[in-house]
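According to TrEMBL:
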type	residues	note
COMPBIAS	1-10	compositional bias 'Acidic residues'
COMPBIAS	29-44	compositional bias 'Basic and acidic residues'
COMPBIAS	51-77	compositional bias 'Basic and acidic residues'
DOMAIN	522-637	domain 'TMC'
REGION	1-97	region 'Disordered'
TRANSMEM	205-227	transmembrane segment
TRANSMEM	286-304	transmembrane segment
TRANSMEM	378-399	transmembrane segment
TRANSMEM	419-440	transmembrane segment
TRANSMEM	452-472	transmembrane segment
TRANSMEM	599-621	transmembrane segment
TRANSMEM	642-663	transmembrane segment
TRANSMEM	699-716	transmembrane segment
Amino acid sequence: KDKEEDESREEDSCSQQNGASRRKNYQRKNSDGKKAGEEGSRQRERGKKAPTKDQKESENKEKKTNKKGKEGENNQKKDRKNSTSSSNSSDEESLSEEELAMLMEQVEQKKKLISTMRNKPWRMVKKLSVLREAQAFVEKFEGALGKGKGKKLYAYKMMMAKKWVKFKRDFDNFKTQCIPWEMKIKEVESHFGSSVASYFIFLRWMYGVNLVLFGLIFGLVIIPEVLMGMPYGSMPRKTVPRAEQATAMDFSVLWDFEGYIKYSALFYGYYNNQRTIGWLKYRLPMAYFMVGISVFGYSLMVVIRSMARNANESTADGDDDNFVFSWKMFTSWDYLIGNPETADNKFASITTSFKESIVDEQESNKDENIHLRRFLRVLANVLIICCLCGSGYLIYFVVKRSQTFSKMQNIGWYERNEVEIVMSLLGMFCPPLFETIAALENYHPRIGLKWQLGRIFALFLGNLYTFLLALMDDVNEKLAEEDMVKNITRWTLLGHHNSSAGNGSTATPPPLDPADVPRGPCWETTVGIEFVRLTVSDILVTYITILVGDFIRACFVRFVNYCWCWDLEAGFPSYAEFDISGNVLGLVFNQGMIWMGSFYAPGLVGINVLRLLTSMYFQCWAVMSSNVPHERVFKASKSNNFYMGLLLLILFLSLLPVAYTIMSLPPSFDCGPFSGKKRMYEVIQETIELDFPLFVAKIFSYVANPGLIIPAILLMV
């Protein structure tokens, strides 16, 4: 401490002496300068008194030379300034004035800290570490101010850092542009709110799931059968019967998915029951069974994973209900917007979000008569239950009547498609009826949407299961018919063999033409055709409803309003609003049919992919051109878990009929990859016995014990 005090005293004395010497030198220079100035002024006064011609000429020459010299010096200074400014601008083009000011202030603070480090009451270890950090900071960033040696390097680093930030921002924008239909959905959300946009987000998600399912079925089932299986016409299941060949290419027959379409790779009956096909020895029956199970397994995994992700996002957001209007007023605008169209969309989005928040605030502060409200809600539920029961009975009656029509000949188009027409009409007219009845309940729009979704879901599910129960009666009749046809087929083949052998020829008899072999009803293909018809009719009804109910209605209101008796836009019929609940439940119901029907019609997933692809463009166009936002715009919930919950329920309910047919019903004897077996699942036992070692078969037999299966199911539940 004594040494440090002595050193500090010496430094102070030295600094005082240096300051005194500097002051003396400065005073001497000033005094000398003053004396020289006085002498020069005296000489000028003397020269002014007695000037001669020679002196005047010499003075003029000196002035001219001085002017030229000054002009040259000024030009040199300008050139130097331009060169230095150009170099500085090239080095510091990536630095703004605010950044330079901040850096200068920080560098000065670090320098001050270095100079006063000796007087800090810190330990020596801390002093050394802080001193090293400060010196490194000054050495690194002093170049930005044009004082140190690292000026160009620092400017280059700053330029590269800014370019890297810009590259990341552009790459994020590029990733956003690569998301399918992202800009379309953002445009819809800006004009119609997050509740309508949630439907299109759900539609895009469904399209991605179906694209993966189509890749599984198309790549592992359809392509191997087409490339390595037996060709068309080589066997009865791949040949149109002789009695149907005359009309097999008629449009009316093809529209009903009969004729050549029925005997194609689109349906279950086309596939052969050979254990291996082609030079790859591809096990097609095993692949068909495993792909059918994988469709449900993958769908279950994706739905649950999406629900878990949405739940995490909703819990991570926290409570943002405080000061809602202040947050929206002062933090809603995006200052990175540079496109006028994007700015208009953002303006519309902010306006819509204010409307959503106002509705939420009004609903939270609303007073109501509790007893009257309860009575009206009970009445609404009773009316809706009556509608559900009536629609279920109507579908069961129509399906039973269609079975009698199928046994008749020369029936019309309506009789052939009565089931599909009735189910599509119920799906089109019941949701608006439910919405009219739900006006009695006066729920918050978000809660009312969930009730509406649940009721339409019950309608679709009841209709679907009523259709399945009636279809199972038809399947049982076809199974009884198969026993008779099986005997007829055997007697036909035996009679052909005996007739050829009765001629006394020892040569092998010619094979019977596949078109002449008696066929069984192939109930799996019949079930697949029914699901394909339902899907196609649902697509047509949806598109016709959009064209007639939205587009033509909007055109009528828009162009006839000028010459009508009342205001069509404000009164009846007005512009249509986007039906969120009906469209969402239509998607869920359609996906349930795809899950159930894909096992009996592998090409059904491809039809659904085309349907979802066209629906995205068609419905986006219809919404932006023909619909208006809801009168009570409301904000969607933070996640789509309600939609996903409905989808998970329909997935579970779609699995039940398929599992029942796999485990309980015998497959057809002359069509499909499982023909010749008592049950479809026997293909797994066959593969384990023939292709795996014995201990693997024992392990699977132990695993298949009900004592392990039942606890595993309980654990999964």
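Glycine residues also receive a Cβ, built from the backbone N, Cα and C atoms like all the rest.
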Secondary structure content of the domain 'TMC' (522-637), with strand meaning DSSP E or B:
82 helix, 4 strand, 30 coil
Short question: which residues 6 or more past the ends of the transmembrane segment (599-621) have a Cβ under 8 Å from it?
181, 184, 188, 200, 203-204, 206-207, 210-211, 213-214, 217-218, 221-222, 264-268, 292, 295, 524-525, 527-529, 531-532, 535-536, 539, 542-543, 546, 583, 590-591, 658
Give the mean pLDDT for the domain 'TMC' (522-637) on the 0 to 100 scale.
85
Are there 3 or more C-beta pairs under 8 Å linking the transmembrane segment (286-304) with the transmembrane segment (378-399), counting only pairs at least 6 apart in sequence?
no
Does the transmembrane segment (286-304) make contact with the transmembrane segment (205-227) through 3 or more Cβ pairs under 8 Å, each pair 6 or more apart in sequence?
yes
Remote residues contacting the transmembrane segment (419-440) - C-beta distance under 8 A, at least 6 residues beyond either end:
376-377, 379-380, 383-384, 387, 391, 394-395, 398-399, 402, 448, 451-452, 455-456, 459-460, 463, 467, 530, 533-534, 537-538, 540-541, 545, 579, 581-582, 585-586, 589
